[in-house]
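Engineer: The following feature annotations were taken from Swiss-Prot:
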type	residues	note
BINDING	18, 19, 78, 283, 353, 360, 361	N(1)-(5-phospho-beta-D-ribosyl)glycinamide binding site
BINDING	110, 151, 156, 157, 158, 159, 160, 161, 191, 192, 193, 194, 199	ATP binding site
DOMAIN	115-305	domain 'ATP-grasp'
BINDING	264, 276	Mg(2+) binding site
């Protein structure tokens with residue numbers, strides 16, 4: 001893309017969760033036309049889009065039908081479970097796939113992105129191996145050593161991930177990973193357990209006609225492989241920030257295209273270790289809804305459309321904490337919102353998901369304070385005040 005783009009553009013979002021919802025809101029503010037696609041009706045992004053479609057995104061025929069129907073200018077994947085081979089066909093026909101069809105194919109699978117980073121680009125990662133059967137997993141785990149981390153090569157929001165402390169826990173980890181694998185993959189990755197000081201996400205914005213730029217690193221904490229809270233700034237040294245930026249630029253340059261990438265790292269006392277990469281807004285980056293002048297969704301949109309990003313300003317010590325469901329519910333109701341919002345510099349986002357189940361992310365609390373510790377306390381306190389029920 002070398003010319004100034006004309007608005008509105010027609011954007012097709014593949015996957016319509018809470019990240020997609022905030023992206024659609026950003027797109028609508030600049031008058032764009034958005035088609036939200038997902039496997040179930042009334043997904044969060046569908047609630048704010050111009051129109052929506054319910055399909056299996058693993059079906060090449062279903063994807064062909066919706067793309068033919070709407071003829072979008074851009075196809076923007078928001079999830080992993082997509083028939084990525086079809087995206088290459090769309091790109092060959094002149095539709096812009098974000099970041100590119102090839103990059104999407106790489107990053108939909110942990111094995112491909114890990115091999116790109118470690119084997120092709122020579123970047124330090126945790127030691128790793130793969131397994132497609134329980135017997136292989138036992139052998140690979142013995143080779144990697146204990147404790148280790150087992151994950152599906154394709155999953156959503158960290159689901160299916162577990163820390164395996166002993167050989168006796170391997171079978172349970174296998175069952176959990178396969179049960180939470182997305183798409184048609186039955187393959188798991190086993191990683192060396194890194195004794196890190198902090199995990200960070202470096203939001204990396206790759207532009208069509210301007211240099212790659214970065215947000216301030218975001219610290220985050222996970223449970224069950226899924227993010228629970230995040231904060232910005234992360235509080236790591238300038239030399240480690242520069243090292244993480246150099247690694248992120250190397251990987252995203254290899255992938256190409258444009259848009260925001262959530263690049264995850266383990267930060268140890270002495271090292272910056274590449275972990276994972278998502279070619280889209282990152283769940284931990286929801287803190288930017290309160291912490292930056294331009295949030296990650298606005299940055300993604302500007303990068304996609306080739307619009308300028310003159311400055312990313314970090315607005316102080318901020319944090320986010322997830323609001324999780326504890327039981328299975330249809331048409332969930334929320335109480336405690338008024339109590340949560342009574343605290344200054346606190347905001348709440350409820351995602352509008354039509355159903356709930358244990359540990360499903362239903363919303364997020366956002367907070368700002370005079371330091372990171374207080375911001376984290378305010379966010380988790382606000383999240384704890386929100387209760388989800390059927391009546």
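Using the three backbone atoms N, Cα and C, a Cβ is placed for every residue, glycine included.
Keep in mind that what you see is a predicted model, and the values were worked out from it rather than measured.
Have a look at these and tell me how they're positioned relative to everything else.
Structural biologist: If you draw a 10 Å sphere around the CB of residue 19 (N(1)-(5-phospho-beta-D-ribosyl)glycinamide binding site), it holds 27 other CB atoms from the protein chains shown.
Residue 199 (ATP binding site) has a Cβ environment of 21 other Cβ atoms inside 10 Å. Secondary structure at residue 199 (ATP binding site), taken from DSSP and collapsed to helix, strand or coil, is strand.
Under a cutoff of 8 A between CB atoms, and with a sequence separation of 6+ in the same chain, the neighbours of residue 276 (Mg(2+) binding site) are 110, 113, 263, 264.
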Engineer: Express the distance between the Cα positions of residue 78 (N(1)-(5-phospho-beta-D-ribosyl)glycinamide binding site) and residue 160 (ATP binding site) as a whole number of Å.
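Structural biologist: With the alpha carbons as reference points, the distance is 19 Å.
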Engineer: Look up residue 110 (ATP binding site) in the DSSP assignment and reduce it to helix, strand or coil.
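Structural biologist: Once the DSSP labels are grouped into three classes, residue 110 (ATP binding site) ends up as helix.
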Engineer: Where residue 193 (ATP binding site) and residue 283 (N(1)-(5-phospho-beta-D-ribosyl)glycinamide binding site) are concerned, what is their Cα separation in Å, rounded?
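Structural biologist: Counting only the Cα atoms, the answer is 22 Å.
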Engineer: In sequence order, what residues of the same chain, 6+ apart, have a Cβ less than 8 Å from the Cβ of residue 160 (ATP binding site)?
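Structural biologist: In sequence order, the residues whose Cβ lies under 8 Å from that of residue 160 (ATP binding site) (at least 6 apart) are 151, 152, 176, 177, 178, 179, 180, 181, 225.
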Engineer: Pop the mean pLDDT for the domain 'ATP-grasp' (115-305) in here, whole number is fine.
Structural biologist: 95
